[in-house]
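Colleague: Just lifted these from TrEMBL, have a look:
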DOMAIN    A:53-610  domain 'CstA N-terminal'
REGION    A:1-21  region 'Disordered'
TRANSMEM  A:53-72  transmembrane segment
TRANSMEM  A:113-132  transmembrane segment
TRANSMEM  A:181-205  transmembrane segment
TRANSMEM  A:211-230  transmembrane segment
TRANSMEM  A:242-259  transmembrane segment
TRANSMEM  A:307-324  transmembrane segment
TRANSMEM  A:344-370  transmembrane segment
TRANSMEM  A:483-501  transmembrane segment
TRANSMEM  A:531-549  transmembrane segment
TRANSMEM  A:561-585  transmembrane segment
TRANSMEM  A:592-612  transmembrane segment
TRANSMEM  A:661-679  transmembrane segment
């Protein structure tokens with residue numbers, strides 16, 4: 001085993017920086033960018049008690065991203081990681097045409113972005129808007145720059161230097177079996193909670209809405225048709241197939257409006273419980289069907305819709321330039337009594353907004369697929385850091401969409417049904433009790449505008465986002481069409497959530513099969529049907545349980561489960577950042593360990609504080625066990641406490657709070673175990689650098705020529721022309 | 001005017017190139033080119049067989065939230 005490999009003569013072989021004459025121009029351009037960003041931040045900071053335009057948030061975000069990408073990401077690439085373009089990447093060394101394949105940086109950026117960005121950056125910011133637009137916006141922008149994008153880029157780099165090893169493998173090999181096992185358990189449990197919460201978002205958007213239910217249900221036959229078309233009729237013609245699929249999808253969307261006003265409306269009006277059953281059956285069937293039949297075509301469809309809609313939203317925001325109706329900081333930020341989720345700004349904004357600022361789940365994608373396809377080491381900056389900046393921009397768009405709608409309506413949509421009561425009158429009164437105002441008539445007309453029966457207590461973020469997006473789109477592109485845009489947004493979100501559910505169930509099944517295979521060999525065989533069925537059923541049963549609990553919980557499923565999801569996701573980030581920090585120290589770069597170390601410290605403090613409060617808080621609104629005590633005591637006395645309406649509801653609350661509390665504690669213990677185990681390895685590495693081995697693959701000289709960034713420099717263009725490498729249309 | 005038209009044409013060509021690459025439509029072309037260079041003389045799979053194999057070899061990866 002070799003110890004820390006000395007970096008091969010990087011300084012001598014590193015290509016020289018862009019031509020010197022550009023220097024003056026660069027100074028001017030970056031000064032301008034800094035001024036624009038500073039002005040936008042200034043407006044956000046100084047304007048009080050009057051509405052500001054969303055454009056300032058966009059300007060502050062984009063300006064800050066540009067500066068961070070130009071300076072901080074470059075510093076990390078050159079100084080901290082010492083990327084070396086003379087070193088062959090796994091794609092070049094192992095190129096086998098299937099898993100390992102050198103892929104154009106722009107294409108890989110698209111793949112990576114499509115894999116990391118989903119419903120997370122849309123849902124979290126919408127919920128966090130209850131604290132006002134400012135805390136969420138600051139965390140999204142600052143968080144991505146110093147934490148999220150750093151995690152993605154560093155993990156991508158480390159995995160790339162190890163032939164694309166997964167985060168779990170790196171934790172096991174570089175930290176030890178204890179840290180590795182904790183990481184594996186964490187990944188699996190997060191997957192289950194993640195799938196349950198995402199499915200809950202879809203169920204809440206589809207329940208009692210025939211339009212949404214019909215159009216989302218139609219995505220299944222459309223995907224099946226595409227699968228058969230691509231397999232049998234026109235193999236490999238992906239674009240043609242996707243174009244047909246998107247057309248059918250839009251027809252299904254229009255058809256949904258027609259179904260709603262026809263006799264079929266009854267058939268597609270389903271209760272939440274029925275929808276849970278449908279989703280569980282769907283999830284099981286989808287995960288045992290061949291991939292080409294349902295999952296692959298669905299993936300094409302959802303990726304296309306996702307990128308298209310996000311692009312449309314960005315254009316819509318620029319055209320509509322809406323005013324923010326939300327307060328900059330609401331009183332819920334300090335008193336922790338918000339109806340959407342309990343707890344105050346610290347730590348819960350940082351838990352609620354995971355994707356878009358810092359998301360541990362990305363570490364699974366940055367280690368695994370992407371590192372096996374990267375052409376040049378320096379491209380980790382564009383793909384890892386740049387990809388995460390793009391996701392952060394999606395999160396900013398989402399917090400804007402949630403903040404431009406009337407606050408009274410926002411709270412009516414996002415508060416649990418137990419708080420809002422059964423009528424528009426009771427909802428209006430409940431909103432007034434929260435300190436905001438909306439009349440029953442306004443509630444009725446808001447629902448009528450998007451052709452829904454009601455918008456009250458449509459929790460989960462998707463309906464709020466859809467209301468906001470429908471306002472932006474109808475204003476930006478004119479011609480009203482609020483109802484169409486609303487259901488377009490719902491469908492777009494449901495589509496890729498269902499894709500995540502498909503893929504996640506399958507990945508969870510593989511993980512389970514692999515783990516059980518250690519104990520009993522046949523389990524590992526992926527074509528052994530009973531094994532496949534049992535493991536699929538376990539995974540589906542796992543998220544199905546939490547989903548069912550979520551829709552029936554008298555306290556409100558999103559309210560109870562979203563913090564758990566956030567804690568789990570940020571825990572995974574803690575593990576990823578721990579692996580990153582440990583590896584830098586093992587490579588003798590203690591000097592730069594603060595780069596992942598500072599976000600790790602912050603993330604650990606946030607996650608552990610949140611878990612601590614969820615487990616030990618005396619406040620029954622916040623702490624799971626305090627909640628449990630309150631309801632268990634009442635139950636012993638045969639009392640029924642609201643929001644429960646009968647003893648069964650009481651028993652349900654007692655069971656759910658126990659499960660949730662145990663999980664919160666369990667997640668926190670896992671983080672502590674991984675960090676402690678890593679600290680042991682770091683101390684050992686510092687005392688005796690020769691005693692620790694790393695698994696970095698030895699240096700092999702690269703012969704590939706490819707640019708480092710998005711736009712090739714003059715020198716890179718010359719080198720590419722000499723090597724005869726192509727670009728767009730270059731080979732045709 | 002001709003300049004603008006040239007930019008538009010370049011942009012459209014770039015978009016088509018991007019979509020074809022990103023969607024994997026060009027995988028077969030790349031495979032054929034690769035086979036001709038690396039294993040000349042070895043029979044090349046037809047598109048249907050190639051695409052079927054590629055679909056069946058595809059590993060499923062988690063998508064994030």
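Yeah, the Cβs are placed from backbone N, Cα and C, and that goes for glycine too.
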Colleague: Could you give the residue numbers and ranges of same-chain residues that sit at least 6 residues beyond the transmembrane segment (A:592-612) on either side and whose C-beta is under 8 angstroms from one of its C-beta atoms?
Modeller: 76, 79-80, 146-147, 150-151, 154, 343, 346-348, 350-351, 358, 563, 566-567, 570-571, 573-574, 577-578, 580-581, 584-585, 664-665, 667-668, 671-672, 675
Colleague: Look at every Cβ pair spanning the transmembrane segment (A:483-501) and the transmembrane segment (A:211-230), keep those 6 or more apart in sequence, and say whether at least 3 of them are under 8 Å.
Modeller: yes
Colleague: Would you kindly list the residues that approach the transmembrane segment (A:211-230) from elsewhere in its chain, counting only those six or more residues past its ends and only Cβ-Cβ distances under 8 Å?
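Modeller: Here the qualifying positions are 202, 205, 236-238, 241-242, 244-245, 248-249, 252-253, 255-257, 259-260, 264, 268-270, 275, 282, 292-294, 296-298, 300-301, 451-452, 483, 487, 490-491, 494-495, 498.
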Colleague: Any contact between the transmembrane segment (A:661-679) and the transmembrane segment (A:113-132)? By contact I mean 3+ C-beta pairs closer than 8 Å, pairs at least 6 apart along the chain.
Modeller: no
Colleague: So are the transmembrane segment (A:181-205) and the transmembrane segment (A:561-585) touching or not, going by 3+ C-beta pairs under 8 A with a sequence gap of 6 or more?
Modeller: yes
